[in-house]
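Per Swiss-Prot, the features are:
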TRANSMEM  2-22  transmembrane segment
TRANSMEM  58-78  transmembrane segment
TRANSMEM  90-110  transmembrane segment
TRANSMEM  123-143  transmembrane segment
TRANSMEM  153-173  transmembrane segment
TRANSMEM  211-231  transmembrane segment
Amino acid sequence: MFPYLGIIIASIFGYLLGSVLWSVPITKWVKGVSIYEVGSNNPGATNTVRILGKRWGLAVALLDGFKVLITAAFAIGLSMIPNELFSKTSYFIPCIFVLIGHCWPIWFKFKGGKAVSCFLGLLIVVNYLYFLIFFIVWWIFAFKYRKVSLSSIIGTATILLLMWLPWTYGVMGYSLFNGYDSFIVAWDKHIVFSFYNLFHKFSSNIHGSNFADGMLTGQIVILIGMVILVVRHKSNIVKLKNKTEQPIYPKKEKNV
């Protein structure tokens, strides 16, 4: 039987949920404007900050990130179905479709955001250690330079360097598409950097598949997410190169 039906269903769910851009109805409801027509014209959390302020921007960022977590939870639910069609449902692969949906949403004529918040959600699902590192690096550079695009690019580059080390997953060796044997050793020692992957242990108890997403799957998913971020930040990269990128908040002038 085809054991990957769960991946297909969860990926479709992820794309459709990813296509929900919370910044659009929120800016319309709070200020009565279209986010596509004000600020940077981008329907993301950063532009929401410019239009509505930090609190609403944070709310949009959290809602966008939760789209990935909800999709992962949906995939977990499918993997618990005691049927071979769902026995090898990946929790990682469907999450990348949330980023695709966010950037090219079917509900908004394929005009989406830049998926930084969704990428953070992806890191939480694949390896929350990467999320913490990205988050720290992002805030350091955001505080110093006040440029979201620069902070996102540097944070992404940092994860790109670290993610090739098996120890960052809590395992001693590299695993390919099925990482169950590698991760079960780490889980038994209570080393769980890939927390969502742990739910494969419970699904295995239901149908005995002994399947878990491997490091390679996680790395491929993160790499695809990085490519999406670079593509969506192409104009920002040009502005950074030309030193014309505007800070999200200008530095306050010191009183003399």
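Yeah, the Cβs are placed from backbone N, Cα and C, and that goes for glycine too.
The largest share of C-beta pairs under 8 angstroms with the transmembrane segment (58-78) comes from 2-22, of the ranges 2-22, 90-110, 153-173, 211-231. Here the transmembrane segment (153-173) has Cβ contacts under 8 Å with residues 119, 123, 127, 129-130, 133-135, 137-138, 141, 179, 182-183, 185-186, 191-194, 215, 218-219, 222-223, 226, 229-230, 233, 237, 240 of the same chain, all six or more residues outside its ends.
Through the fold, the transmembrane segment (90-110) approaches residues 6-7, 10-21, 24, 43, 64, 67-68, 71-72, 74-76, 79, 118-119, 121-122, 125-126, 196-197, 199-200, 213, 217-218, 221, 224-225, 228, 232 of its own chain, all at least 6 residues removed from its boundaries and within a Cβ separation under 8 Å.
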